[in-house]
Structures are given as C-alpha cells and as structure tokens.
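Engineer: So Swiss-Prot has the following annotated:
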ACT_SITE  94  active site, proton donor
BINDING   167, 193-196, 216-218, 285-288, 310-312, 368  NADP(+) binding site
MOD_RES   61  N6-acetyllysine
MOD_RES   61  N6-succinyllysine
MOD_RES   252  N6-succinyllysine
MOD_RES   252  N6-acetyllysine
MOD_RES   267  N6-succinyllysine
MOD_RES   267  N6-acetyllysine
MOD_RES   316  N6-succinyllysine
TRANSIT   1-53  transit peptide
C-alpha cells in the first residue's frame, strides 16, 4: 500500500515537473539532453562533487531542469536502490566513474512524462530503466537520451522493476554463460543473501539446478536460512560449516558443483574452489572481503579448475542493446510467473538518504535500501 500511495502521488505531481539537469551538467550530453524550450523547474537529486565516504560527500540538492527536445525523454523517477556498486562508485573504487559532480545511482525505474519529436520507441506512461551504469537515478526526475533507456513492462511489481537491471541480469548471465549446466546439476555460491545471491537461487530453481548457498554466520542465521530456502535454496551453510567434514554428506545427494559464484574473495573463495568438480569454473563478480582470490597450485593442476570474472557493464559492451533487452524480457517473464521476486527491501524517502546510505553499508543487513521519490 505504501508503494502504491507513493507511486500514485508521484504520478499526480508529474505534470507539474519539467525536464533537464542544470547548466553544470551540460558536458554530459552523452546520457542526458538539455533544452531551453520551457521555463526551468527544480528537482531534487543526490549529488556528490568528489569521491569519499558516501555519508559525507553525498548531498541532497535542487537542480534546474528544462524541457525536452529531439531524442530526449523526460522521466519521473519512481524508485531506485542503493547497490554496492553505487557505494563503490561514490568512493572512487569502481571500473566506471562518471564525471564530477555526478548524481548517484546506477539502477532504478522511472515513468516517461514526455518525449521529444524524434523519439520512436517510448511514449508517455511507459516504465523505463537505465540501459547502462552511471545514469544517475537518485533524483526525482531527469531528461535522458532515448538510447540511455530501456522500456519495460508495467505489469511487474515496482520493487522488482527498480531492482531488475543489475543483480538479476548478473545472476542469469553467470548461470548460463560459463558452464553448460543441465537440470539436476549443482551450483555453489557465497554471499548468498546478497541481491545477486537471492536472484541466483530463484533463477537456478527455475532452471531446475540445485544450489549450495554459503553465508556468514550471524545472530539471526536461522531466520536467514529459512528465508533463502523459501526462495528455493537447496542447502544453506555458514562459511564455518562449509569447512567441516560433515559437509561431504551433501554431495552424496547431488553432484559436485561445476560452477561456483564468488562475491567475497579471500578464504571464502578458496573454500568454493575446494568443492568444485574437476574441470569446474569459479566466476568472481565481487570482492566484499577486499582480499585476493587464492587458488592452490594443486587445485589448478590436478582438478583443472578455471577462474573467470564477470562484470555486467563489460557484457553489455560485448553484446547489442537488443540482446540486453531480450535478457530483460526473459527476467520479466520469470517475475510474472512468480519465479523471481525482488530481494528483501526497505523503502526510504529520498530525503532520508543518509539513513539509507548508512544502512546499506552495515554488516549483516540483508534488506536492500530503496529510495522512493
């Protein structure tokens, strides 16, 4: 009900809001467009002028926007999550960094308010998500170029739409692209309670794959275990339990994993490698422990294990926009079927961004922070 009320309010206010980022963003027309066809209006945005601690460098500012023209699309943002990649980008520790000052946020969903005369694929009322990282979604509205956006169906839940473009896409590609897995095969992963981890569990279940899910021990471990099993997890283990000899009993009931998904690094990634089948692949897509991946010589030689990396932004560079759109539609179908849900989310109004940023950086917080506009 809260989401519904906010979205309704956003739509009611939308006609009063008009289009484009103020003059100091004019150098960024590759993703945003600017026009002086109407009187400027003010919108709110979370802006950082230098890299550092997000709690210190991110500020809520009023920015001037003007009307759309040509291939521009005026978007009213509805909701946008805070992801680890957003935090890393603000800190300056990411593979893609926008010019400063910049608006935070790589993911989110918005509704089209108006389009320029040469826009062909979008119309007012459509829901859209960013086509690439670095768009700056933590704002009430903006005007972007048509090519910077992808239209999505409006018949999926708002939280699912807001969290669609990064984590589920990463999960799907890793499950499909690195090993030719068949129904009944198994996958092992760490950081299983993360947004990607929860998507891996659900997509793997839809593909009839078994999952062994590793998490850090915590006071509410039973609650977390039950929640992951409700999503479709076959086994949930703490990192300590994975090291115990009793873990071998798991592999009496299912084949050794041919695919491991690593978001942690350090000792956790070494344990994943130990449990891989000969010839298996470990894909690293994050490094939460800030420690290097360590693979013993014996594992590489005698088990012929493969170490790979995955970054969704690089995948997009190597594939056409149509292929990304096809991926999005595949995931939307899973959402419609009830086989893929949004991660556990906590909605926070944009003005409460400091609380949301702090919560997103705390350990053992499984709820994703969603900024609502």
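Keep in mind that glycine also has a Cβ here, set from the backbone N, Cα and C atoms.
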Engineer: Could you tell me the C-alpha distance between residue 196 (NADP(+) binding site) and residue 316 (N6-succinyllysine) in angstrom, no decimals?
Structural biologist: 17
Engineer: Where does residue 312 (NADP(+) binding site) sit in DSSP terms: helix, strand, or coil?
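Structural biologist: Residue 312 (NADP(+) binding site) sits in a helix per DSSP.
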Engineer: Taking the Cβ of residue 267 (N6-succinyllysine) as centre, how many other Cβ atoms lie within 10 Å?
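Structural biologist: A 10 Å sphere around the Cβ of residue 267 (N6-succinyllysine) contains 13 other Cβ atoms.
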Engineer: Between residue 312 (NADP(+) binding site) and residue 252 (N6-succinyllysine), how many Å separate their Cα atoms?
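Structural biologist: Rounded to a whole number, the Cα-Cα distance is 34 Å.
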Engineer: Neighbour count, 10 Å Cβ-Cβ cut-off, for residue 252 (N6-succinyllysine): what number do you get?
Structural biologist: 6
Engineer: Of 194, 285, 310, which is closest to residue 316 (N6-succinyllysine) if I measure between C-alpha atoms? They're all binding-site residues.
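Structural biologist: Checking each of 194, 285, 310 against residue 316 (N6-succinyllysine), the shortest Cα distance is to 310.
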Engineer: Which ones in the same chain are close to the residue listed as 'active site, proton donor', with CB under 8 Å and 6+ residues apart in sequence?
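Structural biologist: Non-local contacts for the residue listed as 'active site, proton donor': 85, 88.
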Engineer: Nearest to residue 252 (N6-succinyllysine) in three-dimensional space, by Cα, is which of the binding-site residues 217, 285, 287?
Structural biologist: 217
Engineer: Taking the Cβ of residue 217 (NADP(+) binding site) as the centre, count every other Cβ atom within 10 Å, in any protein chain shown.
Structural biologist: 12
Engineer: In whole Å, note down how far the CA of residue 61 (N6-acetyllysine) lies from the CA of residue 167 (NADP(+) binding site).
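Structural biologist: Rounded to a whole number, the Cα-Cα distance is 28 Å.
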Engineer: Rounded to the nearest Å, what's the C-alpha distance separating residue 310 (NADP(+) binding site) and residue 61 (N6-acetyllysine)? Just drop the number here, would you?
Structural biologist: 34
Engineer: Tell me the Cα distance separating residue 267 (N6-succinyllysine) from residue 194 (NADP(+) binding site), rounded to the nearest angstrom.
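Structural biologist: About 18 Å separate the Cα atoms of these two residues.
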